[in-house]
Structure formats: structure tokens, C-alpha cells
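Down below is the structure, laid out as C-alpha cells.
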Amino acid sequence: MADQLIRATAADGGIRAVGVISTRLTEEARVRHKLSYVATAALGRAMTSGLLLASSMKREGSRVNIRIKGDGPLGGLLVDAGLDGTVRGYVGNPSVELPPNAKGKLDVGGAVGRDGYLYVVRDVGYGYPYSSTVELVSGEVGDDVAHYLITSEQTPSALLVGVFVDVTGVIASGGILLQVMPKAARDEELVSTLESRVGQLTGFTPLLRAGKTLPEIFEQLLGDLGLVILPEIQMVRFDCHCSFERVLGALKMLGEAELQDMIEKDDGAEATCQFCGEVYQASREHLTQLIEDLRAQSG
């Protein structure tokens with residue numbers, strides 16, 4: 001199944017639902033960053049969460065940054081997701097590996113750490129990003145993002161994200177976000193019903209591995225609540241904005257002395273993008289041209 005995002009409503013618009021399949025993009029991140037099993041699960045959950053959060057934004061070019069800094073050996077992670085369906089991200093320690101947790105699953109909470117903070121920055125394109133910080137509740141990513149939605153945005157929310165990875169790579173990755181909108185938030189029975197149904201699920205990836213599609217998952221959860229699945233299917237993908245031109249721009253900011261030192265010591269420069277792992281090589285000729293440009297600007 002292709003990576004995709006779909007939206008739906010239920011209860012006469014009182015419930016907003018979003019679902020994401022992110023298997024291929026999580027696999028691309030795993031390969032690019034050479035991620036361990038648990039690092040793959042952590043970053044995959046975070047990238048899926050980023051896409052789910054970005055899906056509610058309205059203005060073209062809007063993006064969401066999720067940064068998690070816990071006390072675990074993963075060393076934190078950072079995700080950048082857009083309303084356009086693009087996402088990228090990285091972890092501090094891609095090779096970290098831990099024994100399974102008490103449930104026999106990948107110990108994402110242990111890798112991330114249970115003491116720390118989740119930082120969310122929403123950039124809606126007006127030049128004034130909105131930022132919020134909440135304490136981690138479990139380090140499992142999904143619980144922490146749901147906690148952010150409830151405490152910072154005061155929106156009753158259920159968020160379920162998951163990644164299944166084995167020796168062959170990422171087999172399944174994705175998630176769903178259910179939110180009770182303000183006009184229905186006082187309906188305690190509706191909120192309780194949603195919590196109960198989501199709580200009965202054993203996870204998100206088992207549904208995908210069983211062959212369930214996103215519409216079928218929504219039907220299972222919301223079918224008797226006036227479910228309306230919106231017709232648009234949005235493709236989502238791992239995508240980075242880095243380029244050789246940006247690398248040259250960053251090198252130029254180092255100044256003439258530093259560039260000259262690179263030429264003399266290394267005969268060039270190498271830069272690696274943290275978000276996607278792409279390696280860029282700037283030759284002696286490139287650096288010499290940057291120095292000439294700087295001299296021309298100062299002259």
C-alpha cells in the first residue's frame with residue numbers, strides 16, 4: 001500500500017479523523033540514517049505524528065517541527081513535517097539498541113527516555129511560529145504527542161502510531177489521530193466511546209499487517225457515528241530541502257580565513273545533511289570561488 005494520508009469526520013463534524021500510512025518513508029529514513037530497530041521505530045512514530053499534526057494546518061507552506069529530548073540513549077530526535085505531505089527527520093544516536101520491553105516489543109520509551117520534554121513548533125507561514133513545550137509522559141512518542149494536544153491545544157485527542165520492523169526492513173508504519181472538536185467536546189459519552197474503542201486496539205501496525213486499509217480502520221472505529229471519509233487521498237513521502245547550493249551558502253558564511261584553512265588542510269570540504277544523510281563534497285575550486293565572491297562583495 002502506498003504511503004498516504006486520508007481525512008474523515010464523524011458525529012456531524014464533532015469528530016475529526018486523520019490516518020497515515022508511512023511504511024515506505026520510514027524505510028527510507030531507516031536506510032538513509034542506518035537506523036537500528038528501536039531507532040527506526042522511534043523516528044517512524046515521530047514522523048507519522050508530524051504528518052498527522054501538519055494535516056490540520058490551512059495555509060500553503062505550513063510546517064510542524066517535533067523535537068523530543070529525553071534522558072534515554074537515543075539522544076533525542078527532530079522531525080520536520082509539512083501540510084504538503086513531506087517529512088524528514090533524524091535521531092541523535094542511530095545505532096542504539098535495547099532489549100525488548102516487558103511486553104516483548106521494541107523499547108522506544110527506554111530509548112527515548114521517560115524524563116524530558118517534547119517541543120512542538122507550528123509555522124503557519126506568517127513569520128510568527130507558535131511553539132509549545134510539554135513534559136514527556138512515557139517516551140513512547142504517541143502518548144507524548146497526544147499529551148501535547150490535550151494540554152497545549154485543549155483538544156481531547158486519541159493518537160495511535162506504530163512501526164513494525166524486522167531483518168528485512170520496515171514492514172508496516174502509520175497512525176491515526178482522532179480529535180473531538182469544540183462543539184462536541186462537552187459530550188462526555190462521545191469522548192468516552194472514542195477512548196474505549198481506541199483503548200481496545202492492540203496497536204496500529206497489527207491492523208496494517210492484517211491487510212486493513214485506512215478507510216476500513218475508520219469504519220471499525222467510527223462507522224456507527226456518521227462517518228464521512230473525504231475523497232482526497234494525499235500522498236506523503238520522505239523529502240529533504242537540502243541542496244549543494246545551500247551547502248555552498250553555509251560554507252560561504254564561514255568566512256575567507258576558514259575557507260582558506262579548509263583548502264590548505266583538506267583540499268576541499270565535506271558536509272552531511274543531518275535530516276537525510278546526504279553527503280556533499282565541495283572541491284578546492286568551489287571553495288576558491290567562494291573566497292573570490294567574498295572578496296568581490298567586500299571590495
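In case you wondered, yes, glycine gets a Cβ from its N, Cα and C as well.
According to Swiss-Prot, the feature disulfide bond maps to C240-C242, C273-C276, an assignment based on sequence analysis.
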Cβ contacts of C242 (disulfide bond) (under 8 Å, same chain, 6 or more positions away): C273, F275, C276, E278, Y280
C273 (disulfide bond) - helix vs strand vs coil (DSSP): coil
For C240 (disulfide bond), nearby residues of its own chain (Cβ under 8 Å, 6 or more apart in sequence): R88, C273, F275, C276, E278
Packing count at C273 (disulfide bond) (other Cβ atoms within 10 Å of its Cβ): 18
